[in-house]
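Engineer: Can you read through this structure? Questions will come right after.
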Amino acid sequence: MSALKRHQDLTAIWGNEPGWRGYLRSVNHSDIGKRFIVAAFVFFAIGGVLAMLIRAQLATPRSAFVGPEVYNQLFTMHGSIMMFLFAIPMFEGLTMYLLPKMLGSRDLAFPRLSSLGWWCYLFGGTIIVLAMLAGVAPDAGWFLYPPLSGKTYTPGINSDVWLLGITFVEISAMCAAIEITVSILKLRAAGMRFDRMPIFAWYLLGTAGMMVFGFPPLILGSILLEVERAFGWPFYSPELGGSPLLWQHLFWLFGHPEVYIIFLPAAGAVSTILPVMARTRLLGYGAIVAAVMALAFLSFGLWVHHMFTTGIPHMALGFFSAASALVAIPTAVQIFAWLGTLWQGRPEMKLPMLYLVGFFIVFVLGGLTGVMLAMVPFDAQAHDTAFVTAHLHYVLVGGFVFPMLAAAYYWLPHITGRERVMRVGEAAFWLIFIGFNLTFFMMHLTGLLGMPRRIDTYPEGMGWTWLNLLSSVGGFLQAFGFALFLIDVVLQIWLGRVHRRNPWGATTLEWAMPIPSTTYNFASLPTVTTRDPLADDPDLGVALARGEGLLAEARHGWRETLAVDMTSGTPEHVAILPGNSWLPIATAAMLGGFFLMMLAGLYALAPVFLVGTVWLGWRWAWTNGTRGDVGMVPIGGGQSLPTSFEAPRTTGWWGSVFALAASATLFASLLFGYAFLWTIAPNWPPPALIPPSLVVPLLAIAGAAAAGIAVRAGRMPIVLGGHLAIVAALILLLTTTPGPSTHAYAATSAALAAYGLFHAGLAAIMTGFVMARAKAGFHSAARATEPRILRLWSDHGAGAGAFIALLLVLPGWFA
Amino acid sequence: MWWVMLGGSAVLAGLVFVLLALAFRRRDRGRGGERTASGRLWIGGLGLAMPVVVLLALVGYALTVGIGTLPTPDPRAVEVRVNARQYAWDMVHPGGIRTQNVLHIPAGRPADLVITSSDVIHSFWIPRLAGKMDAIPGHTNRLRIVADTPGTYRGECAEYCGVGHKDHNFTVVAHDAAGWTAFTEGAR
């Protein structure tokens, strides 16, 4: 078969239909990745305009440009947009685009899930921006502390926009987290052992793992606050046994890992680009992997340092202060590994390298002010001043924006297939670099002179006037720099000359393909024996295009890629990925309907959309699988493997494992809230407890035991009955629970019961699904993936349901 | 504290920047031949050992400084209750003297402030006297301050608390011994 014929066959399988239909139905990782990047840049521009308005307001003392009402919306939206609608989606987009190409795969593990994430992001972000244009943007700070964000002090829908819109967008973050984790663990090139993975994949594995465990506390906190605002359940109201501190714990339990979730992908880009720019290999691969894992772990021990002034005991402060300083060590390991890499190589000042130098300077300064802030006595002075604003911009812009600009210039040829024109990029760099330092270095000084954050005007004669004016001038220089960057990109797309393959002489697999890349990435899949496949064989890309690798044959219209054993990279099965579909956009629209109903206060209509989502989910799952055994299929090189229809541990099974890990984290956060309020919050004990009952726990435990045993024996009707028993027990429990709006005890109890109901109910629906599928002929002795996946969800639903039923009646027994 | 950290930071930043610049200068000398950098020196020494030493010293120092600011029991201390609300500060001094937006304390003696809030979260901050302490509804926090010299000091709210946050300020009057007696006598 000729390379051209193979290209045509594969394009027919992996490509999109023409026109809008193709656009709306596409699930291809390159398409979705590029959309994330473009949309994130648009939101970056919107957030940047808000920053310009803030700097215009602060340029002079006693400015009358905007009043405090508008100014509060400005800084709240600037922070929220940059964090949730720019930084996270930007790296998600870059990752979605690059990761399969770097790993030698044709797509991500769950292409439809990436598409769902994209539409959720687009719809959620649009809601937030439209609310801002309507003048009802969130105005309680990007951290949304209650009670200020609660119903009493923010009666309008401003806080609801944040809670619902951001939670909607977080669906895409959770999708991406599971997607990235499973793709890195399972969908790699043959022979790509853990220690042969590109360093970028290690960084993303750490990041995605942090997202799996970091986002659930925020999602839980947002749900609780929205329920408090909508239905008056007093989780955060001290007069009814709640505590505003609970929100701070949940928010920063997410908020600090968030900083590293943003930094690690950018650092991964640095570790990838820097050695290429220095024409050498990365120094200390193993040490960097260890540093990444240490950062991912340590960052969960730091959240309290955002709460140093909330009256936490001094010894606890000492512990968290030490932990905060400790994270500087893995960061230092990376910095010096990069310096050592430059030292051993011959660095060339090409454009991406220029941005990396900018990153070094800005980020190191930001890191050092961070260590200063980690010291409690200093933090108590500088907390909530412009010094902190300056520090966080040095870290985030230095640690994220500069590496992302380097990454943009490094990988743009891959996306456009073109060379850049003239030297616009250098001019943009100097404008951004000088503008940035002018803006934020001055803010260190105004902060030390005592200028607080979040004030809309300030008097003359405080010594802040000139510094603020300089900051504003710097801000506008930056804006010109970013505009120039955008012009540069557009020029490259329109006017750039067509570029040869692998322009930088890189050694990773994403360059072993024609640029711009094809929809299917590799005409045949590579087998790797080292960490730098292109260094061993510079013509690998040509050989792959000729069909000399694995899975070179286009057959049955299947989207095939290779799934490997996690650690050794031995080929394990052929993953057959789903094709283009209306389901992702339809599901996102259905979820959007739910969020809009909640926002509009039409609480009676909202559940309709949830039922619609379940129905779509059922149909979605129904499209997978096959009604006949496929057996072993040849993959080339004389080898044969089973397909994902018949493999024991599919990507779907692993995806369920991580989805349940995220849900369990949410559950653990809720249990933490229950215990926290019980021990710390004022106005306890509650006026009435759940009355002691033997029926509720016994029914739930019996149901859980039956489900647990039957799911292993394959007796699906009994599994279904077991879960329905748990549902009945928890509903019975809820009928005896005191009204959830009377006290935080009743509210958290009802929330726990709702969690159990959700998972037992979900397991019941999934059991019904598996029964219907078996009847329709989708299961056989070989095709047993779905019952295996059900076992995970059933066990979780049964365990959580029984545990909650028992936990909630205990206080009544002992009272 | 501040000068130690500033000096240390300048040295560290300088080290990184000099190494960065030297890496580029090295490029121009001696082309040819594979060069390797020592992982043990760069990562073990500079990346691991150096920050461990620096941070241990810094954290130990900060903890000692921090312990010095803790409210240890002191018979000379006066206690003032502070309640924050949108957008005022209500103080209750010894003897039940109530004021709004003005805090009276004796100079040279420790004052223990018992801080809470009756609506949203605020933060009590007198930049020249002490660090901040949050005022959180449903919780009380204690903060010890000492004004060594009599005079007036500016105080402000350091946690964003809504539209009036910017002007949510107060003043502190530190009295000399005679002035303090006069203030407390005034209550009777």
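In case you wondered, yes, glycine gets a Cβ from its N, Cα and C as well.
Curation does not apply to TrEMBL; its annotations are automatic.
Take a look at what TrEMBL says about it:
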type: DOMAIN; residues: A:20-529; note: domain 'Cytochrome oxidase subunit I profile'
type: TRANSMEM; residues: A:36-54; note: transmembrane segment
type: TRANSMEM; residues: A:119-141; note: transmembrane segment
type: TRANSMEM; residues: A:199-225; note: transmembrane segment
type: TRANSMEM; residues: A:282-304; note: transmembrane segment
type: TRANSMEM; residues: A:390-412; note: transmembrane segment
type: TRANSMEM; residues: A:424-446; note: transmembrane segment
type: TRANSMEM; residues: A:574-596; note: transmembrane segment
type: TRANSMEM; residues: A:602-622; note: transmembrane segment
type: TRANSMEM; residues: A:653-677; note: transmembrane segment
type: TRANSMEM; residues: A:718-738; note: transmembrane segment
type: TRANSMEM; residues: A:744-771; note: transmembrane segment
type: TRANSMEM; residues: A:792-814; note: transmembrane segment
Engineer: So which of A:119-141, A:199-225, A:390-412, A:602-622 has the most C-beta pairs under 8 Å when paired with the transmembrane segment (A:282-304)?
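Structural biologist: Selected stretch: A:199-225, with the most Cβ pairs under 8 Å.
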Engineer: Are there residues at least 6 beyond the ends of the transmembrane segment (A:718-738) whose Cβ is under 8 Å from a Cβ of it, and what are they?
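Structural biologist: Hits for the transmembrane segment (A:718-738): 686-691, 693, 695-697, 699-700, 702-711, 745-746, 749-750, 753, 756-757, 760-761, 763-764, 767-768, 771, 790, 794, 797-798, 801-802, 804-805, 808-809.
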Engineer: Sort out for me which stretch, of A:119-141, A:424-446, A:744-771, A:792-814, has the most Cβ pairs below 8 angstroms to the transmembrane segment (A:574-596).
Structural biologist: A:119-141
Engineer: Please identify the stretch among A:119-141, A:199-225, A:390-412, A:424-446, A:792-814 with the greatest number of Cβ pairs below 8 Å relative to the transmembrane segment (A:36-54).
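Structural biologist: It is A:119-141 that shares the most Cβ pairs under 8 Å with the transmembrane segment (A:36-54).
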Engineer: What stretch in A:424-446, A:602-622, A:744-771 has the biggest tally of Cβ pairs under 8 Å against the transmembrane segment (A:653-677)?
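Structural biologist: So the stretch in question is A:744-771.
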Engineer: Quick one: find which recorded stretch in A:119-141, A:390-412, A:602-622 has the most Cβ pairs under 8 Å with the transmembrane segment (A:744-771).
Structural biologist: A:602-622
